[in-house]
Amino acid sequence: MQKSVRYNEGHALYLAMLARKEGTKRGFLSKKAAEASRWHEKWFALYQNVLFYFEGEQSGRPAGMYLLEGCSCERTPAPPRTNAGPAGARDALDKQYYFTVLFGHDGQKPLELRCEEEQAGKEWMEAIHQASYADILIEREVLMQKYIHLVQIVETEKIATNQLRHQLEDQDTEIERLKSEIVALNKTKERMRPYHVHQEEEDPDIKKIKKVQSFMRGWLCRRKWKTIVQDYICSPHAESMRKRNQIVFTMVEAETEYVHQLYILVNGFLRPLRMAASSKKPPINHDDVSSIFLNSETIMFLHEIFHQGLKARLANWPTLVLADLFDILLPMLNIYQEFVRNHQYSLQVLANCKQNRDFDKLLKQYEANPACEGRMLETFLTYPMFQIPRYIITLHELLAHTPHEHVERKSLEFAKSKLEELSRVMHDEVSDTENIRKNLAIERMIVEGCDILLDTSQTFIRQGSLIQVPSVERGKLSKVRLGSLSLKKEGERQCFLFTKHFLICTRSSGGKLHLLKTGGVLSLIQCTLIEEPDGSDDDPKGSGHMFGHLDFKIVVEPPDAASFTVVLLAPSRQEKAAWMSDISQCVDNIRCNGLMTIVFEENSKVTVPHMIKSDARLHKDDTDICFSKTLNSCKVPQIRYASVERLLERLTDLRFLSIDFLNTFLHTYRIFTTATVVLAKLSDIYKRPFTSIPVRSLELFFATSQNNREHLVDGKSPRLCRKFSSPPPLAVSRTSSPVRARKLSLTSSLNSRIGALDLTNSSSSSSPTTTTHSPAASPPPHTAVLESAPADKAGDSADMSPCRSPTTPRHLRYRQPGGQVADSAHCSVSPASAFAIATAAAGHGSPPGFNNERTCDKEFIIRRTATNRVLNVLRHWVSKHAQDFELNNELKMNVLNLLEEVLRDPDLLPQERKATANILRALSQDDQDDIHLKLEDIIQMTDCPKAECFETLSAMELAEQITLLDHIVFRSIPYEEFLGQGWMKLDKNERTPYIMKTSQHFNEMSNLVASQIMNYADISSRANAIEKWVAVADICRCLHNYNGVLEITSALNRSAIYRLKKTWAKVSKQTKALMDKLQKTVSSEGRFKNLRETLKNCNPPAVPYLGMYLTDLAFIEEGTPNFTEEGLVNFSKMRMISHIIREIRQFQQTAYRIDQQPKVIQYLLDKALVIDEDSLYELSLKIEPRLPA
């Protein structure tokens, strides 16, 4: 018996599984049975050259398999059908597709298959045809033959190439041989030439003619070439390329400095603090280090790569291609974006960490490193915020000197657009963190430190020099005179005003600040401001006459110590008015917050009044306003972008008035609106307060607390026309009680039958213990105390913030002088009414007709508050920005008409009338002080017949008069000229005449110095003149006239003088060392970092270099637009501009006390002594000609 064929069944099953998953062709087919002519439907799967079939698609084991190697497949016609069965079934069978698989040898029965669709049948036949290993071998053999043929061709080409290379090398060798032969032949000819010359003597005239011809040809070629070069040098293209190259060189220098700053930040602060955080007793943890220095190290690595790329480009000069470098920088901007978003949080974390004394001590050690050059950590953290705007300015300048068809132009424009997007975010963050950095800088200047400045909610308002008048017992002023030199020297104080505190410091010779041991830090919540101190009994004329009405008094009533008084003198009436306005507004904000918290019952931990929190318009972004995360002095989010309407609405919001918003608005309103529009808004608020205030604001103004709802007296308003108004609120005094209950000391001239409430004007009181009243009020005023009566007396001993209510008051009691207590039920005053009266009429007596009904009248409250707001804004506007009214007579007349309309109100309170009269007096007075003296006035006063000469004038006289002239020119610049970059426009002389005069004066003084040096013919006289002018510059430095220092040093650095090596060799070493010191002080390196530090450490008066501030303003203007794409005002930018203008005006407002010397001034202003630049250089070449090359 023949045995059956054995095969590997397990492997066959594995192949069947692969066929089911990865088969070439799979699907149902009908297979004809071998026994009977019956068709059975099976599921077939073709894998390589093996055909499996299964009982169904889900069957795991195959029913059989066919080996297709060496077989063929062809289509067969449908078999004949019997007539049995329905006709439809026969038609269906005829339409099916039949094909047969034939095996290679005889005797093997073919495999007959069929499928329902013709397309599927063709695909099966094609797949079976290709399932042959023999066919694949044949195709492989054909490909191998082709490959071998190609390899042979390549080898042949290589051989041919080598042959050609050898031929070329042989030819090169032959060429070198022929060249050497030619050289040898030429040398042979040269040796043989003398014999031919001897034989044929040339005519001497011919020799001369040839020499002249050769000379003429050379001269003509050189002249032609010089003309070509000169024409190109003077061409616009060459000028543009020079400027472009200069921009690139400046950019490389700035990038080098920036990388060095980042290196100091990382290696001088970040890495040492990481090590300190890993110590046993860490002064700071790793999380805080990461929060402060987020991405700083990565930014340093990025810019080191960028800097190396710039230096590599310079190596290929004059070909400068920069666009690809910016293409490298742009993808890394997301690193900068993270740094920008973290910037404000970084400075807040740093301020909190500085409260740890160990960390503060360690940080001071790091900052004492000579590499830091006296700069603080927050300064280094801010440098990356200014770098992207600097790139934008550079790209602007590059594009201005790049032709439109230049290959780099599109790339540079794309880089600029991408950087501008990030720059807008950076400017917003820099604006938001300006206040934190300013506070930290002042805190670091104070030797003893000042913890209150580490509070990030403190907002810097103003600083300046004031004179503190010494006082004796009983609050009487010492008998001192304003002109006393000892008073100025010993009593000069550097004062800083913040939203919550007032700092009084003395400055040491090194520039550092020292807080006064007594009264150095004044909490404004404990202060009462007295604008016009009354004279004592011994001095009937009063201190106002003694000090020229420049003094004001701050009465401090600390809760745990005896009260004391600080008397300060301002340098001018305008300065006094500005200080008074800002201090009273800061006190006002604090008192308003405190009163609102008492009136509107809140949780003791909540400092923001409920009615402000519930107004979404004050903190929620909308289509016409966008807020930042930073809060202003009234605990309301600062405005980032807003429409003009929303800014005017914030200015006239009767619930609060932020002093920092008001100062920014008054500094920059000219950019986005006009003075006429602002005044019209104030006039509308006064005349039509109900139609000018948004409805939602009115609703929230009268909103009452949930737990203390009192009903207003039912009745109509007595009249709809304006009858009542109030002047700007001033400070109220706070007293402490033995039982530590919260009290507000208030004085009022109310009718004795009514227990109403009012606040006394502190400007009308002479001391904190005495109370005065308006002259119109004949009866003595009644003292009232508004007392919070808690249900639980145990809560009285809790430690409370000055601005918070200690507990929920159940009712208000009015304490009359006789000791009787009247319950508040006698006058049903709503919390909103009580607050409005207390704040709107702060410090003023009540009118005779003030009664219970008017107290509860909403219209009455709104009118009083609206009048208060109008007078408050006008007081700030007139006292701080008098130039607005001096230069715009129409605006001045409109304000006068509005104030006269207020004065015509028959029911105006005496104190309101006094406040209005003060504003009118400030507008109408003609101040003849020399603070308004102009350069033209001095020129007219110095018409002397004979001017002094340089030799007869001392260095001190020259320095003093230069300082006087520089400060007069500097302070004459109106602040509106700093807006809009007018000094860079084509019509700059019309838009910014005073800035252009300042620039012209700077150039004329510098030209005078250079001209006077060049006027001397002998070397010794020129050297002596240089030494004298350096001495003048050093005296200017002592006088804080850094503009004068730069005038002289720039003159000495002119090429006409700098090139005089023989003259400089005669100058002493001490003078040269002093010259280097002065140049370092006023150097432009690092955005004038040395000059900024010097100005920060000196007291006014001073004359800074104006170009430094103009650069800052141009930097801000170029970095971000004034308006967004939606047409909103970029108020963050306005805030940054306001900070710079505030610093400029700080130096403008403090005048020098230097007497004019007409002869010296006439010498300094004599234009006949000035030599122009070209003549100076020609004179310099005559004095010391160029050395032959």
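Cβ atoms here come from the backbone N, Cα and C positions, even for glycine.
Here the candidates are S737, S778, S801, S846, and Swiss-Prot annotates S801 as phosphoserine.
S725 is the residue among S37, S725, S752 that Swiss-Prot describes as phosphoserine. When the residues S279, S604, S745 are compared with Swiss-Prot, the one annotated as phosphoserine is S745.
Swiss-Prot marks one residue of S214, S484, S508, S749 as phosphoserine, namely S749. Among S235, S717, S805, the residue that Swiss-Prot annotates as phosphoserine is S805. Swiss-Prot tags one of the stretches 158-193, 1058-1093 as coiled coil, and that stretch is 158-193. The Cβ of S924 (phosphoserine) has 9 neighbouring Cβ atoms from other residues within 10 Å, across all protein chains displayed. Across the domain 'IQ' (205-234), DSSP helix (H, G, I), strand (E, B) and coil residues number 29 helix, 0 strand, 1 coil.
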